[in-house]
Amino acid sequence: MTTAAPDVHRVRVRDATRPGGLDGTWALLRLAARRDRVRLLVWTASILIMWGYAAVALDSLFPTAADRQLRGQLMSSPAAVILTGSGFGLDDYTLGAMVANEMGFMVLLALALLAIQTAVRSTRAEEETGATEILRASTVGRHAPAVAAYLLVVAVNVVIGVGTWGVLVAVGLAPGGAAALGAAGAATGLFFGAVGIVTAQLTTHARSASGLALAVLGLAWVVRAAGDLRAQGGSPLSWASPLAWALQTRACVDTRWWPLGLLVVGAVVLLVLGARLGGRRDLGAGLVTTRPGRAYARASLAGSVALAVRLQRGSILAWAAGVGLGAVATGTFTDSVSGMVSKLPQLGDLLGDVGALVDAFAALMVMFFVVLVAGFALSSFHRVRTEEQRGRLEVVLSAPVARTRWLGAQLAVTLGASVVLLVLAGLGLWAGAVSVGDGSVSAGAYVVAALGHVPAVALLVAVAVVVHGWWPRGSGLVWGWYGFSAVAAVYGGLLQLPGWLLDVVPFTHSPVLPGPGASWTGALVMAALALGLGALGIVGFRRRDVPAL
Amino acid sequence: MPTQRARTAGPVIEAHGLTKSFGTVRALDGLDLVVRPGEVAGFLGPNGAGKSTTIRVLLGLLRADGGTAHVLGGDPWHDAVALHRRLAYVPGEVDLWPGLTGAEVLDVLLRLRGPVDTSRRDALVERFDLDPTKKMRTYSKGNRQKVALVAGLAADVELLLLDEPTSGLDPLMEAVFQDCVREAAGRGTAVLLSSHVLAEVEKLCDTVTIVRAGRTVEAGSLAELRRLTRSAVTAVTADDPAHLAHLPGVHALRVDDHPDGARVSLDVEDTDLPGLLAALATLGPRHLTVQPPSLEELFLRHYGDVA
């Protein structure tokens, strides 16, 4: 006894001084890297290829200084400012300035998205499924999952940052500018990864955590665009957006590094906040605690459609709010189109009259929201896979519910909600435009322009139905197709993608509205294809095993 | 068992030579299963033996590669929806919608079958002591299982397919479950009960089918199966019982001292029981117990000797 007591005492002291909040971080980091390796490799390769392709393509498309000067004038259009940035170096538009200006912002968005996804997947998503519980019951510290997730974000961003530098130097950009582009991207990734870590502490569902972080990203974009439209080179409002900080390095034009410090400091502040939140809460809990609910379901909650609506209600409402507000905010950019043309008459010469310019701008804004809504549609439809994997589909199908009817209900809710979101987007854009005194495009025209993309969205979903019916494990491919289509639909013009590549993008076959001379042929063909493929997918789903292995 | 409501003349479930492969894994390898109207049929087998796969085939969720299966006289794959009006299924492990309350899940599942008998639903909620106002995600495993159970038992059906339905339930709730199954059987409902709780199977089931590696290794009434194995006999006798070891069908004989003479314990083949009893009677027995073989022994015999 006399010899044992001091030992016990010593153990206690050691435990007290070493909280072990980070134990197991290294093992978790390796686990996350192993689980996500394919996804991370695909993202890394895509981003590096994009940089290389853009530099080579822009160089061959605009070989002389005169070509680039003309291009530079185009890049001061409001649409370009929204999609790329405030336009540094347009007066002396070198290849470096061009690559930085036309590609930089798109890559920032991609890196922010990747960082958010990576952060949430290894934290809240694992917590939601219960995997974290088993891990934390072992010798894994409270903060280890979040720290491991963030280390993975850091690692990926460092790799992509260094890779970007290598690719850009290889295609002939100045090393200093290339380094700034790589670092700006990496710092943006670090910032939004930290945003993801914080939102993962707030919500109980991974889906809501990602959604919240994406909303922060969207808000940052809107603020950046609104600020940059006020003045070339950005206004004080621009500086309110973290996305502007990376652009303000003026990479390849007049490179300066200190704005990246803001991103790093911001990331550190967010991480401290995340650690505070994570250190106080229970495992599996969010900020909102659950209250007792209904002792009976509402009478309206009966049948497959009602169930699908009930399950997606929260997500549909969140999307409606996001799309509606985002559209109003974006619609207010419309007045700067006519303003810009009056300031720069040569822009009008290049692009046609102001009316056509406003129409083109409206069509691009519509396209932007169509791409978002298509993303909603795909993620909404892919819930069918979760239902199957969690064993719920079996229970539903063991009741007298036909498979066709059940899948039809999911499709009806997905497409119905998509149509509602598209109408909201159209109305929001119109309301935004009218609020700044530009009523040149009517509400109806905006709504019709948005609804003209319904067949394209339906086609995307129909392909997902085919994959789900015949090869359910291949759903990632549909996401890949969507990802490419989203980038190409919004940035296709800037990227100068070849025609055959643009042809695989469903949105490019929709009528170009508002404006005269739109053709509906593509939409009709896509609608027919969507019906045919949807039917084919349902046939596959009727024939296959549930659950599919 | 009374069959007051047997609407099907032939067996409720009749499957012969079922085969099903997942890639290179052969989950079912010629499985046979018969359940008659009003019967409570136990479905036993080690983990991975193919019990859940069989039930999913019977539900028309999986399509068998070979063999025949009839449920309530219909083809489970082609007549799935029509058959599902007449049967209910309770899975052993399901992660039902975490954002809905237990009550909402119950009502959603029951309404898929048409108008809900609210009094029956409420009575079951009461009996299983379930708080239906909680969100599914806040339930413990046992409470989640109660939701699935109530959803299955509240339906008015001819056949219950229960796949390890009591996993996570406390002993009190297991008793409630057993009462519910007995009542269902009393109404003429046939029950297929896949379970590892042997005491439960022993209490509830008329017949038992034991499967291993996707194949039926034993099937019959519990009484028939017991006949295949040995009873345990213990007795206190005035005279020395050591020579009983030479009787046919006697195994594992053991003799201990006892104040009244000797205490003997042994196993005997059921067919040789009469001879043993006659011999025992001559030894001046003071005390005698004959225990029928437990299902556990039956089970271990089939599970244990893995070839």
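The chain as shown is numbered from 1 upward.
Heads up, the Cβ atoms here are built off N, Cα and C, so glycines get one too.
As the structure is a computational prediction, the values presented were derived from the model and not from experiment.
Noted in TrEMBL for the protein shown:
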TRANSMEM  A:40-58  transmembrane segment
TRANSMEM  A:93-116  transmembrane segment
TRANSMEM  A:147-173  transmembrane segment
TRANSMEM  A:179-202  transmembrane segment
TRANSMEM  A:209-227  transmembrane segment
TRANSMEM  A:257-275  transmembrane segment
TRANSMEM  A:316-334  transmembrane segment
TRANSMEM  A:354-378  transmembrane segment
TRANSMEM  A:411-431  transmembrane segment
TRANSMEM  A:443-467  transmembrane segment
TRANSMEM  A:479-500  transmembrane segment
TRANSMEM  A:520-541  transmembrane segment
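Proximity of distant same-chain residues to the transmembrane segment (A:179-202), defined by a Cβ-Cβ separation under 8 Å and at least 6 residues beyond the stretch ends, is recorded for 47, 99-100, 104, 107-108, 111-120, 123-124, 127, 146, 149-150, 153-154, 156-158, 160-165, 168, 173, 209-210, 212-213, 216-217, 242-243, 245-247, 249, 251-252, 255, 257, 260, 263-264, 266-268, 270-271, 273-274, 277-278, 281, 286-287.
Across A:147-173, A:209-227, A:316-334, A:443-467, the stretch most heavily in contact with the transmembrane segment (A:520-541), judged by Cβ pairs under 8 Å, is A:443-467. Recorded stretches compared: A:147-173, A:257-275, A:411-431, A:479-500; the one with the most Cβ pairs under 8 Å to the transmembrane segment (A:93-116) is A:147-173. Residues 305, 308-309, 312, 316, 319-320, 323-328, 330-331, 334, 362, 365-366, 369-370, 372-374, 376-377, 380-381, 441-443, 446-451, 453-454, 457-458, 461, 465, 534 of the same chain lie 6 or more positions beyond the ends of the transmembrane segment (A:411-431) yet place their CB under 8 Å from a CB of it. Here the transmembrane segment (A:316-334) does not lie next to the transmembrane segment (A:479-500) in space: the count of CB pairs under 8 Å, restricted to residues six or more apart, is fewer than 3. Sequence-distant contacts of the transmembrane segment (A:209-227), counting only residues of its own chain at least 6 positions beyond either end whose CB sits under 8 Å from a CB of the stretch, comprise 81-82, 85-86, 109, 112-113, 116-117, 119-120, 123-124, 192, 195-196, 199-200, 202-203, 234-244, 247, 315, 318, 322, 326, 329-330, 332-333. Between the transmembrane segment (A:147-173) and the stretches A:40-58, A:257-275, A:354-378, it is A:40-58 that has the most C-beta pairs under 8 angstroms.
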